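Per TrEMBL, these features apply:
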- B:12-30: transmembrane segment (TRANSMEM)
- B:66-84: transmembrane segment (TRANSMEM)
- B:96-115: transmembrane segment (TRANSMEM)
- B:148-166: transmembrane segment (TRANSMEM)
- B:187-216: transmembrane segment (TRANSMEM)
- B:252-274: transmembrane segment (TRANSMEM)
- B:286-308: transmembrane segment (TRANSMEM)
- B:314-336: transmembrane segment (TRANSMEM)
- B:343-362: transmembrane segment (TRANSMEM)
- B:382-402: transmembrane segment (TRANSMEM)
- B:414-433: transmembrane segment (TRANSMEM)
Amino acid sequence: MVLLQRPHILLLLIDTHQFLQCWIAFGSANEEGQQQEEFSEELLVKPLPDHKLLAHFHFQSSAPPSTSNGCHHHLFPKAISQLVQKFRVKEMELSFTQGRWNYESWGGFDPISSSNAKPPGVELWAVFDVPQHHIDASWKNLTHTLSGLFCASINFLESTATYSTPEWSFPPASGNVRYGTLPCEAVCTENLTPWLKLLPCRDKAAIALLLDRPSLYRGFYHSQRLHLTSTESSSEGIDSGIILEQTLTVVLQPNSERAIEVHASEKHVQPSWSLSSIFGKQVSGRCVLAKSSSVYLLLDRGLVAELKFPNKENGKSAANGLTSENFWSNPSFELSVNPDRIFLEESSSHSKSLSILYMFQVEKYSESEPFDIGLMWKVPVAWLCQQTPLHASRFFMGSGNERGAIAISLKSTQFTEGFMSANSKDGSCELRVDVFQVVPWYVKVYFHSLRVFVDQQPRAVSDFIEKIHVSPSKDKMSPGVMEVVLKLPCRVNTAALTIEFDKGFLRIDEYPPDANQGFDIPSAIISFPNFHASMVFLEDDSLNRSPLLSKFQEKCPVMSYTEVLLVPLTTPDFSMPYNVITIKCTVFALYFGSLLNVLQRRVAEEERFLKAKAAKKTGRLPLLLSKLSAKLRGRRREPLHSPPSSSSFINSKLVLKVILVAGLAVGWQYFFS
Amino acid sequence: MEKVKKKIGSFSFWNWVTASIIFRLILIYFPKNLNLSSRPEVSTPLTSFRRLAEGYWLKQSFMSPYAGSMYHGSPLLLSLLGPLTINRIEGQPNHLLYSLVSVIADVVSAMLIRATGQNLRLAYLRSLESLDLVKQIEVSEFLFSGDIAALIYLCNPFTIVACVGLSTSPIENMAVILCLYGACSRLIPLAAFGWVIATHLSLYSAILIIPVIFLLGCGPDSPPRKLFLQRHQQKEVLNQSKLPPRFSWGPVIHFAFWAFLWSVYVLVLCGISLKQFGGLWEMFKSTYGFILTVEDLSPNIGVLWYFFAEVFEFFRNFFLIVFHVNILFMILPLAIRLRHRPCYLAFVYVAICSMLKSYPSVGDSALYLGLLGWFVNELADMQFSLFLFCGYVGVSLLSPVMHNLWIWRGTGNANFYFATAMVYACLQIVLVVEGVSAMLNHDRKLRNLITGKPQDAKS
C-alpha cells in the first residue's frame, strides 16, 4: 500500500508543482486580459428505465487563442494542438463505440443521447479550413495521425472508398466536411489509454479515477468521444482557440446486493447503486489542475413526473432556494450524500414535467474522505425516457447473394403522438426527417429504385421527398452517398424507404481474412432538424458556468443512428488462383493452337504442289523455309546450294535480327525509364 | 440443329416468324419479366436494363450518367431508350414499351438476315454456275439459307431470352446485321452507319471493318478466285465476264468516307448529350475503358471475371493485354485464309469476339448462331455438330443450376459456375475451329471437283 501510495503522492507533488508554475505563468497572462487554459471534469449519472445506469464523463480542455505562448501549453494536450495547427482542423469528432445505444429504452431526445449515442466502431468527421483541393490530402494525413495517436486502424479511412463528403444533411453543414466510419473496429483499452493521456491528470485523480477498465468494458454500451472545435479569433486565421471535449458514455448494470435478494413483488424496484459499487472505485482527492470537478445526478423528465415531488406545483419557486429539502429527501429514493446544489430545468417545449439535476462538488472531498454517492430506491418506479419523434431501424430485404434491398423504416413513438395532438389545430403539420446513408461501393445501389412507403402504402417519391442528393458509388473509388429530406405528415404511423442494390464481386485479395463473416454497411443517420434536444437549467451565476451544462443548453438537432448491417458477399474459391490461371490459359492455348493449325494445314496435294513450286523457284525464302522444315522434322535434306555460304548468310541475318531486337529493347527501356 | 433446319420448309417461314413473335409477346406479359432481366447470362454490366434505367435516372437528376460505375452504355441509347425505362402507360408494366422495341429490333434483324442470306445464296449459285459445278453439286437440294438463318435467329432460345430479358443486345445485334446487310447489298452509307453504331455500342464490332472491306471490294462469298482461273485454264477460254471481280478500291474509299461522316455525326451527338457532364472523354473512359479493363467482376457466362477475380494484382495488366491481343492476333491469319468469303469471316470474327469479350452474354451467342445459318449449305459436313448442339443445350441448362447453387443456395462454390463457363468457352472454341475447318474443306472439295481428282483431301 505504501509502495502504491508513494508514486501517487509524488505525482501529486509534481502536479501541484506544475500547477503552481502554471499559476505563476498565468498570473502574468491574466494581467494582460487574456484567457487562460482551462480544464474541467464532470461526471453525470442518470438512472435508466431498464434498471441500468448511464455514466457520462465529460472532460473539457480549452486553449485560448494566443500567440504569446507560442506552441507551448500548460494544460492543453500538445498533440491535439499540433494536429489542429498542422491540418487546419476547424471541427472534428472522433468516437470509439462498442455496443448499440438502445433508443427505445434509453431515450433519444436529450442532449446526451443525441450527441453521445454513436454508431458502433469508429466514427470520424472533420471540417477543414483549407482550400477545396487540399481537403482530401489533409484528411489522409489526419487519419494517419489519429491512427497513431489512438492506436486504432483509423488509417483505413484514408482510402477514398471509405469516406464521403456529405453535402448538407450532416450537421456541421459545409462543403469542407469529410465523414468516415469503420463499423467493424473493435474498441478496447488500447484506445482508452491514449485518450486518457490527453487529460492533464490522466486517470490518477478525481473523477477520472473512476475509469476502471474491467467495469467500463463490462457495460452494455461504451462510447468514447473526442470533439474538437477551434475558433478563429484573428483575421489571419492562424490564431485559434481550441476547445477539446472528451466524453465517455457508458451504460452499466448496477448489481447491488439488494438486486440479488429481490422478492417477486420487488422485481420492478430499480437497483440501488453507488459509485463504488458500479466502478469499484471512489473519487478520492481532486485533480488540482482542474478548474472544476463535479458530479451530477440527473433525474429524467419522465422519472420526475413519476416521482411526484411533494411541492411539485411550486417547483420553480423552490428551485431558487438552492437546497430545498423536498428535492433530495423523497419518499421513493434516498441519496447517500447531500447535494451541494439542485438545478431545476427551465420549462421545455416538448414535455410537461421538468428534469432535476443534483450537483456534488468533488473539490470538497479529500483523499481521507473519498466521495461516493449512492442512490437507494425505496419503491418501484417505472418510467419512459423521451424518445425521438420517429424510431428508425434499418434492415435488409431479399435473400441470396446476388441482390437485395435496404429498407429504412421509421415508426412513430409516443412522442409523435403527443406532438401530433399538440399541433392538431393547424391541421397540416409536417415532420422533417433527414436521412444520410453511406453505402460502400461493393453494395451497388440503384438509386432509381428508391420507393417510399407511408403507412404501408406505396406512394409517389416526389410527394414525400423534398430534397434528394445522391453521389453514386464508383468501383473501388468512392462510396455511394444518399441524402434525403423527407417531409412526412405528423400523423404518420410508419414510413419506409427502400432501395435496391446488387452485391458486388471483389477480387480475391480485396476480401478480408474473415471473408465469410460479411461486410458492414455503416449506420444511416436519421436527424430531425426541427427538433432540438436541449436542457436549460436555471443557474444563478452565468460566469462560473459548467461546460457540461452549457453543452446541454446548446440547441443540437435530434439525431439517431440506425443499426449497422452485415451484408454477406459471395466469395470466390480462395484456394484456386493457380488452378484458374492454368486452366484458363490452357483453354486459350487450345483455341489459339487449334485455330492456327486449321488455318495453316495443307492437305496432301497442296503440299506436293508447294514442293513443286519450291523446286521451280529457288528463291531464298522458300529455301530457308524448306531447310527449316527439314530441320524441324529431324531429317537431313539434300542441300541445293553449298552449305557454307548459306549458313554464313543465315548467321549474318541472325546477327542483324538480334541486333535489331536488342536495339528495340534498349530504346524501349530508355524511353520508359 | 441440322434436323431442325431441314424441317423448316420455306412455305411455313411466316408461320414460324409469327409464332416466335407471339411467343415473345406472351413472355413479356409475365409478371416481373420472369426475373430474366437480372440473370447474369442475359444482363451484363454493359447490356443490363436496370443499369440503363439508373443511367437515365442520373441524367434526369442532372448528373452525369457515368457518375458512379453503374452505366457503361452509349449516351445515345440513353436518350433513345431511357424514356422507355419509366412507366409510360398506366396499369402496364414499366418495361412494356422497351420490350416491344426489342421485339421489333429482333424482327428487323431477322428480316435483314433473311435478305442477306438470299443475297449470299444467289451469289453462291452464280459462282457455281460459272465454275460449271451445278451438276456435280445438287443445287436443287440447296436450302434457303436466308430463311433458315432468320428462323434460327428468331427461334433461338438465346435470342428470345435476350429480348425478353430486356438487355440491349438485340439493338447491338441489329447494328451488326445492318452493317453486314448494307455491305452485302452494296448500300455503302448503310453499311458505314451499321459499322459505326455497332462499334459505338460495343467496341469489339470494330474488327468487322475487315470483312466489310472485303465485301465491298470483292463482293459476297464465293469460292477462291484461284479456282476460277484454274477452271478457265482447263477450258482454255478466259471469259472475263464469268470471273469474279478483282478487288476494287472505289467502294472501300466510299465506305471510309461515309464511316468518317457517321462517326463524326455520332460523336457530335454524344458530345451534345454529354455537354453539361464530363464530355466525350468521360464517355470513352467509362464505356471502352470499362470494356478493356474488366473492372466489374460479377459472374457472367464468360471466363474473364473469375480469372481476374483470382489472378494476382501484379499480373493483372499483363493478362489484360494477353487476352485482348488474342482477339487481334487471329484477325490477320483468318483474313488471309478466308478473304474470298467475307461474310463467313464476319461470322468467325463475331464468334471469336463473343467468346473472348470481357462481358459476354447469350445475346452475343444468339447473333453468331443466327449468322451460322447462312452457311448451312457450305457447312453441311461439319464435324461434331451433334456434339456441339448437345453441348449448348447442356450448358444452357446447367449454368443456371450452378448459378443457383452458388449464389442463392450457397451450397456450391464459384468453381461450379466457372466450370460451366469453361465448358461453354470450349464449345465455342470447337465451333469456331470446326467451322473454319469445314469451310476450308468445302473449298478443297470444290477444287477437287474442278481438277477432277478423287475426293481424298478430306481430313
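Glycine residues also receive a Cβ, built from the backbone N, Cα and C atoms like all the rest.
Note that this is a predicted model, so its numbers are computed, not measured.
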Q: Sort out the residues at least 6 away from either end of the transmembrane segment (B:96-115), same chain, that have Cβ-Cβ distances under 8 Å to it, and list them.
A: 17, 21, 24-25, 28, 33, 49, 81, 84-85, 88-89, 146-147, 149-151, 153-154, 159, 162-164, 166, 170-171, 173-174, 177-178, 180-181, 185, 370-371, 373-374
Q. In the same chain, who gets a Cβ under 8 Å from the transmembrane segment (B:343-362) while lying at least 6 residues past its ends?
A. 41-47, 116, 120, 158, 161-162, 167, 169, 176, 180, 184, 202, 204-205, 207-208, 210-212, 214-215, 220-221, 291-292, 294, 296, 300-302, 304, 323-324, 326-327, 330-331, 334-335, 368, 371-372, 374-375, 378, 396, 425, 428-429, 431-432, 435-436, 439
Q: Look at every Cβ pair spanning the transmembrane segment (B:314-336) and the transmembrane segment (B:286-308), keep those 6 or more apart in sequence, and say whether at least 3 of them are under 8 Å.
A: yes
Q. By Cβ distance under 8 Å, which residues at least 6 away from the ends of the transmembrane segment (B:382-402) in the same chain are close to it?
A. 1-2, 39, 41, 157-158, 301, 362, 412, 416-417, 419-421, 423-424, 427, 430-431, 434-435, 437-438
Q) the transmembrane segment (B:286-308): which same-chain residues, six or more beyond its ends, come within Cβ distance under 8 Å? A) 40-41, 44-46, 66, 69, 71-74, 202-204, 316, 319-320, 323-324, 357-362, 399, 403, 407, 414, 417-418, 421-422, 424-425
Q: State the non-local partners of the transmembrane segment (B:252-274) in its own chain: residues 6+ outside its ends, Cβ under 8 Å from one of its Cβ atoms.
A: 64, 74-76, 78-79, 183, 188-189, 191-193, 195-197, 199-200, 209, 212-213, 216-217, 280, 282-283
